[in-house]
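According to TrEMBL, the protein carries these features:
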| type | residues | note |
| --- | --- | --- |
| DOMAIN | 18-445 | domain 'DUF112' |
| TRANSMEM | 20-47 | transmembrane segment |
| TRANSMEM | 59-80 | transmembrane segment |
| TRANSMEM | 107-134 | transmembrane segment |
| TRANSMEM | 146-166 | transmembrane segment |
| TRANSMEM | 205-228 | transmembrane segment |
| TRANSMEM | 264-286 | transmembrane segment |
| TRANSMEM | 321-340 | transmembrane segment |
| TRANSMEM | 361-382 | transmembrane segment |
| TRANSMEM | 438-458 | transmembrane segment |
| TRANSMEM | 478-496 | transmembrane segment |
Amino acid sequence: MDLFIQGTLSLFGDPTSIMIFFLGLFGGMLFGAIPGVNMLTLGAVLLPFTITMDPQNAVMLFSVIYCAGVFGGAITAILFNIPGAPENAPTCLDGYPMTLKGEAGKAIGAAVSCSALGGTVSAVIMMTATGIVASFAVRAFGPPEIFALILFGLAVSASIGASTLWKGWLSVLAGLMIATIGSDPVGGVPRFSEGAILGLDYQSYYLSAGIHFIPMILGFFAVSEVLAQAINIAKGTRSRPQASIEFPTIAEFVAVRWTIVRSVFVGFFAGILPGIGATLAAFLGYSQAERWSKNRDNFGKGELEGVVACETANNAATGAAMIPLLALGLPGGALTAMIMGIFQIHGMEPGPLIFVNSGDLVWITFAAMFWANLMIIFLGWVQTKTVVHILRVPFRWLAPGILILAIVGAFALRNLFIDVWIMFLAGVAGYMLRRTGYSAAGVVLGLILGKLGESAFAKSMQLMDYNMLGFMQRPISAVLIIVAAVIITSSIVSELRGKKLQKALID
């Protein structure tokens with residue numbers, strides 16, 4: 001406690017540190033809320049400037065951007081069905097339907113409160129158990145365990161957003177297939193970047209780099225939503241969303257208290273593991289909430305519990321992701337890799353000795369992440385009272401702005417026009433998916449986890465001398481694979497029983 005107080009005094013006792021703290025807080029929330037231009041974009045812009053900064057302030061700045069950026073992406077996910085970042089994609093499933101029902105303020109209020117709660121609890125655990133948790137996670141989780149966890153995540157989350165189990169699995173399978181486009185991560189062999197379609201030969205240098213998930217997300221959610229609303233306007237069936245500033249009541253939070261608790265642990269566990277992070281945490285948080293909820297039939301139709309689960313889980317992953325970085329020098333994601341770069345720029349090496357050699361840096365970072373998550377409550381409350389009024393703007397004026405932001409976000413990613421074309425193709429595909437009951441979120445999940453899973457599988461095969469049975473010889477990976485198999489089997493049995501019961505009722 002004394003070290004935390006000392007870190008807090010160091011943070012708020014220096015005007016420069018205060019300015020940098022709020023710069024990271026506002027910048028992370030702003031960039032997190034802009035589709036395609038997320039906290040990583042802000043981090044990449046600011047990274048060169050950290051050379052002239054004090055290492056304490058540089059690391060603190062990026063840790064605050066991390067906390068605020070994950071929350072910021074929920075705003076556009078709820079208001080416009082456009083996730084600001086991949087970890088906010090599941091938030092669209094219930095957040096946007098709540099907006100259509102005139103409950104945008106309630107959805108954003110839930111996102112604000114649960115983002116702050118998940119992040120704060122994660123920060124507290126980070127401060128109290130960094131060494132112990134990091135040591136266990138890294139020793140117990142190698143590539144085989146990471147692959148098994150991804151398989152488990154796919155099994156649990158496969159049916160998210162789909163009308164039937166089979167359509168959910170087909171959606172995830174489509175995402176996994178898209179993830180294989182591009183060069184093989186092990187041997188560099190090109191896949192699907194050249195060939196023939198309908199008798200026409202093609203060869204694309206750009207496809208050798210693979211299809212990035214950001215243009216796909218922008219297409220599936222932003223472009224498809226603009227297309228759907230335009231068609232509804234043409235048909236005269238579009239109802240204008242109502243701008244509401246109603247926050248969730250205490251009773252509503254009490255009703256989902258166990259969902260919040262489960263989501264905190266799910267998010268923290270996923271955040272500790274290098275390469276997994278907040279995206280899988282959000283999908284797992286949503287799927288476990290749907291599985292255990294008394295209102296599971298309302299998920300995907302504007303259920304507050306769905307928003308609560310996603311935003312609690314993905315923000316709980318932020319503090320957890322700092323644990324392996326600080327304790328063992330292993331970055332868990334893109335932004336923590338940038339923080340690793342800051343350490344290297346200043347000639348420092350994160351690891352167990354950093355708590356001895358640079359304890360002041362560690363504790364000002366801990367304090368900054370703790371207070372940043374608490375600040376989200378107040379700043380998010382103000383933001384909620386203002387941004388919901390955007391819904392009063394006629395859609396014919398909003399649509400061009402949404403499309404321009406999406407185009408800029410897709411192109412700015414790699415400066416490739418093919419990403420813009422992919423975004424528009426994904427937009428048309430996303431519209432067709434929603435019309436036919438398939439899941440755009442499932443395709444995105446398969447695409448993101450497919451790349452991670454393929455890399456983990458390749459490393460596992462090399463580690464185990466290409467013996468597939470090696471997965472079952474490691475306790476954690478074996479348990480995860482068995483549980484995934486049980487979930488898949490039980491889902492199939494439940495689906496078949498439901499069809500038999502439905503048929504019997506009809507007869």
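Any Cβ shown, glycine's included, is placed from N, Cα and C.
Contact between the transmembrane segment (361-382) and the transmembrane segment (146-166) is absent: fewer than three CB pairs lie under 8 Å, with pairs separated by 6 or more positions in sequence. The stretches the transmembrane segment (438-458) and the transmembrane segment (20-47) do not meet in space: the count of Cβ pairs below 8 angstroms, excluding pairs fewer than 6 apart in sequence, stays at fewer than three. Ranked by number of Cβ pairs under 8 Å to the transmembrane segment (264-286), the listed stretches 20-47, 107-134, 146-166, 205-228 are led by 146-166. Against the transmembrane segment (20-47), the recorded stretches 107-134, 146-166, 205-228 differ in Cβ pairs under 8 Å, and the greatest number is found for 205-228. Remote same-chain partners of the transmembrane segment (205-228), defined as residues 6 or more beyond its termini with a Cβ less than 8 Å from a stretch Cβ, comprise 35-36, 77, 80-83, 86, 89, 92, 96, 178-179, 181-183, 190, 192-193, 399, 402-403, 405-406, 409-410, 413-414, 416, 418-420, 422-431, 433-434, 440-441, 443-444, 447-448, 451.
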